[in-house]
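Database features, via Swiss-Prot:
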DOMAIN    7-110  domain 'IF rod'
MOD_RES   Ser3  phosphoserine
MOD_RES   Arg8  omega-N-methylarginine
REGION    1-8  region 'Head'
REGION    9-42  region 'Coil 1A'
REGION    46-83  region 'Coil 1B'
REGION    85-110  region 'Necessary for interaction with PNN'
REGION    85-110  region 'Coil 2'
Amino acid sequence: FGSGGVFRITMQNLNDRLASYLDKVRALEQANGELEVKIRDWYQKIVLQIDNARTKFETEQALRVLDELTLARKNHEEEISALRADTERQNQEYQQLMDIKLEQEIATYR
């Protein structure tokens, strides 16, 4: 072979190894790109899940507040109804007393 043949074989060997390394680098870069896409997709999915959980929590809170307000409104309506009934009763008593007073005044003048 001679020194030129050994040099050429060594260079060919180094070129083959370099080509192999470059192929590995390209494959790793491609795999890295695919992983980045998967990570980005996973992150977006998690963000959506968090947003959905937040929305669900806020909706549940709003429904709780709505239930509390509905109950409070019902209680107020019952109180108003009781007050109306009491007012009507007092009005009737007042009217009866006024009728009695009127009858007494008429009786006084007879």
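Counting starts with 1 at the first residue shown.
Glycine too: its Cβ is placed from the backbone N, Cα and C atoms.
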The region 'Necessary for interaction with PNN' (85-110): DSSP-derived helix, strand, coil residue counts: 25 helix, 0 strand, 1 coil
Whole-number mean of pLDDT values that fall within the region 'Coil 1B' (46-83): 96
Ser3 (phosphoserine): secondary structure state under DSSP, collapsed to three categories: helix
Neighbour count (Cβ, 10 Å) for Arg8 (omega-N-methylarginine): 12
C-beta crowding around the residue listed as 'phosphoserine', within 10 angstroms: 7
